[in-house]
Amino acid sequence: MLFLLNSNKMFFMFILFFSTLISISSNSWLGCWIGLEINLLSFIPLISKSNNLLNSEASLKYFLTQSIASVNFLFSILLLMIFIKNFELNYFFSILINSSLLMKMGSVPFHFWFPNIMEGLSWMNCFILMSWQKISPMILLSYYMNMNFIMLITIMNVIIGSLGGFNQLSLRKLMAFSSINNLGWMMISLMISENLWMFYFFLYSFLIFIICMLFYNLNIFYMNQLYNFNMNFLIKISIMINFFSLGGLPPFLGFFPKWIIINFLLNNNFFIISFIFVMMSLILLFLYIRIIYSSLLFFNFKLKWFKIFIKNKNFIFINWFNLISMLGMILSTLFFF
């Protein structure tokens, strides 16, 4: 993995990690804002490549959207400090702060930049954008959350994240809409319990890491490449297992946190919200099955002019991760003891 061996990128990865710690450990809103800015400036060099037009375009779009969100966030916290004793305006400022953080995460209704930027990134950068870059905004969101507003945004995330994946031929855009859908699940888990959010976020990051590593090693970016590529049967099984787990199909690992969330919603009489979450998960699972059908069940053929170069044929560590994903329900029961 040349991505991890590059010393310059390792330096910026360290700054990226350090900036997240600054944001979540700061005791003032201004310190949180500084951490978010350092995070932005450290992620731009990771995704920009001078010899790749899509990477350069994605880095510019990311910089512009994150800058707008940062300005809105700074403006909101300054107004909050000025009018801190005005309780009527505090409700409005909470929506402004939440909206700025939602824009940084790529949440609905500020999600339009997210799939376009994902399309111009490598798989490893896609993984960072879908996982690590959501930690700081999510934790800051928990500090000053407008419950009614976030509940509405959560439902919209789940719906648009599922329906937006239709007619997508790009696997990166499909994963982007999948991330928007899972962001809705993470936000409602954050409203229930921070420990539940940490559990859900860890499992989600674990699953998309395996998927991104599979596509990175196979050098696959589009759906038609799955039709035209004769893969090893073990790799096909790996893709199937991890997409089933990401969709929340029992008995795989991804089902367990969604089961806890739905159980909590039903126990607290949120029947309509539970119905929406379950139905949208089924739609997203259908999109995953379409990928599995393309790679596993459909007859694969080779074309003379169509060739894919596998970057790394060593899938041993990915197979170990797949074993954990398969035994997910057995391992997850240990949390009850």
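Note that Cβ sites are derived from N, Cα and C of the backbone, with glycine treated the same way.
Note that this is a predicted model, so its numbers are computed, not measured.
If you check TrEMBL, you get these features:
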- 26-283: domain 'NADH:quinone oxidoreductase/Mrp antiporter transmembrane' (DOMAIN)
- 12-36: transmembrane segment (TRANSMEM)
- 62-84: transmembrane segment (TRANSMEM)
- 91-114: transmembrane segment (TRANSMEM)
- 147-167: transmembrane segment (TRANSMEM)
- 174-192: transmembrane segment (TRANSMEM)
- 198-221: transmembrane segment (TRANSMEM)
- 233-250: transmembrane segment (TRANSMEM)
- 270-293: transmembrane segment (TRANSMEM)
- 314-336: transmembrane segment (TRANSMEM)
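Across 91-114, 147-167, 270-293, the stretch most heavily in contact with the transmembrane segment (233-250), judged by Cβ pairs under 8 Å, is 270-293.
Looking at which of 91-114, 174-192, 198-221 has the most CB pairs under 8 Å to the transmembrane segment (147-167), the answer is the stretch 174-192.
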